[in-house]
Amino acid sequence: MTLSLYNTLTRQKQRFEPLQAGSVSLYCCGVTVYDYCHLGHARSYIVWDTLRRYLLWLGYRVRYVQNFTDIDDKILRRSRQEGTTMQAIADRYTQAYFEDMARLNILEADDYPRATHTLDGIQRLIAELEDKGFAYAADGDVYFSVRRFQDYGKLSGRKLEDLKAGASGRVESAEESLKHDPFDFALWKAAKPEEPAWDSPWGPGRPGWHIECSAMVRDRLGDSIDIHVGGADLVFPHHENEIAQSEAVTGHPLARYWLHNGMVNVGGEKMSKSLGNFTTIRQLLDEGGISPMVLRLFVLQANYRKPIDFTDEALQACQNGWETLQEGLHFGEHWGDRLGWTESVTVDPDLSDRFRMAMDDDLNTPAALAVLFELAKELRRQQNLLIHEGHLDGDAQQLHQHWVTLVQLAGVLGLEAEPELAETNELDEAAIEDWIAKRHAARQAKDFAEADRIRHYLADLGITLIDQAGGITRWSRT
């Protein structure tokens, strides 16, 4: 089995072969830190976290770098609105990012470079572009000469003659008169009144958006990397411009593989802050009461390259699915001791191979999840037999292997059982009273084994039963 990934650059699935055997360099375009992350961000970072986890599971050494854009017009506007500094805004939402990602069980990157911490590298790269004739200074600004780079458009498939002027970057009207060509984009912007600025060979100013990532990739990972990832909305102009800047200087491919995740849609439109149709991660988790694992499952149940529709019905389906998976993930904790699981076991090789076959096919997480659900449903069936009939339908050690397989493979997807207390809170009073009634009926029928099984089952969920005179049973949560 060999991992194949869809490469946006070649527009086909390709066998993954890293530059250095056994090691993977991976760069992800991070957030512009001026607001809380929304569901679109969650999708992107869950997808790339899953890619990273899978590469680690395959045995690769992975160096994962993800930047923060902390110099940007949006941050400046927010700082003016709130009467504070750009750094204060950036620091606040950088911290919020870490909090949100931790809740979604996203592994921390190996390095989080910031634009403000990479200014020397940014200026060196601009100077090299200027020396090689790919950049020119104009009244304190510096622009990249798009027509000088012969391969411009190779990632997005766009041709200059089909583009509108200014399409290659974030443009201010004052810039147009300084450009040699309308398609050129800013590498360095001259200082403006009441805006942060840094000294440079071209005068005080700040970097353009695209040059930041090119410099951070080069500084942290080198001239060429294995995989560059981001949202599909970054293919053009951001990633196209990254390629132009980096390859104009080095003469080497910036990345072997370019991977892009699809957008989250609301009512047929991309979820974005500019459209005002976004829902933040915090709103979903805190106000909506959605479990982080349900949100993760929502992302993984769809092909990562395709758009995904955000609806209440889709979330509810994922909620139901997560309840099934979580019941399976908790099976060993509830029943392992009673089933005599003492020896360690390895994962089921056939099921593991099916999981890997799915993931090797361009991260086919829907097919990989099908393996997990097959295991979880079997564990749930066996649990029902244990509760209601007091026996298993099959071999206890094989069931142990299936549970271990489920836990490990779910972990590759970042899906981990939540604490028992979360599950206990979902068992409402009516359900508890129903179990007590079933236990009472079992005792009346002198089926004390069944009565004990129900007591143990509820105890595993944090429910203690207290039998009192007159056949009354009270309960409490522990």
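Cβ from N, Cα, C; glycine included.
Worth saying up front: this structure is predicted, and the values here are computed from it rather than measured.
In the record from Swiss-Prot, residues Cys29, His238, Glu242 bind Zn(2+); the candidate from Cys213, Cys318 listed for the same site is Cys213. Looking at 200-204, 265-269, 270-274, 305-309, the stretch flagged in Swiss-Prot as motif ''KMSKS' region' turns out to be 270-274.
Reduced to three states, the DSSP call for Glu242 (Zn(2+) binding site) is helix. Of all the binding-site residues listed (Cys29, Cys213), Cys29 has the fewest other CB atoms within 10 A of its CB. Here the CA atom of His238 (Zn(2+) binding site) lies 18 Å from the CA atom of Lys273 (ATP binding site). Cβ environment of Glu242 (Zn(2+) binding site): His210, Cys213, Ser214, Val217, His228, Leu254 lie under 8 Å away, each six or more residues apart in the same chain. Here His238 (Zn(2+) binding site) comes close to Cys29, Trp209, His210, Cys213, Gly230: these same-chain residues lie at least six apart in sequence, with C-beta atoms under 8 angstroms from its C-beta. The Zn(2+) site, placed at the center of the C-beta atoms of Cys29, Cys213, His238, Glu242, has further neighbours from the same chain whose C-beta lies within 8 angstroms: Trp209, His210, Glu212, Ser214, His228, Gly230, Leu234, His239, Asn241. Counting every protein chain shown, 16 other Cβ atoms lie within 10 Å of the Cβ of Lys273 (ATP binding site).
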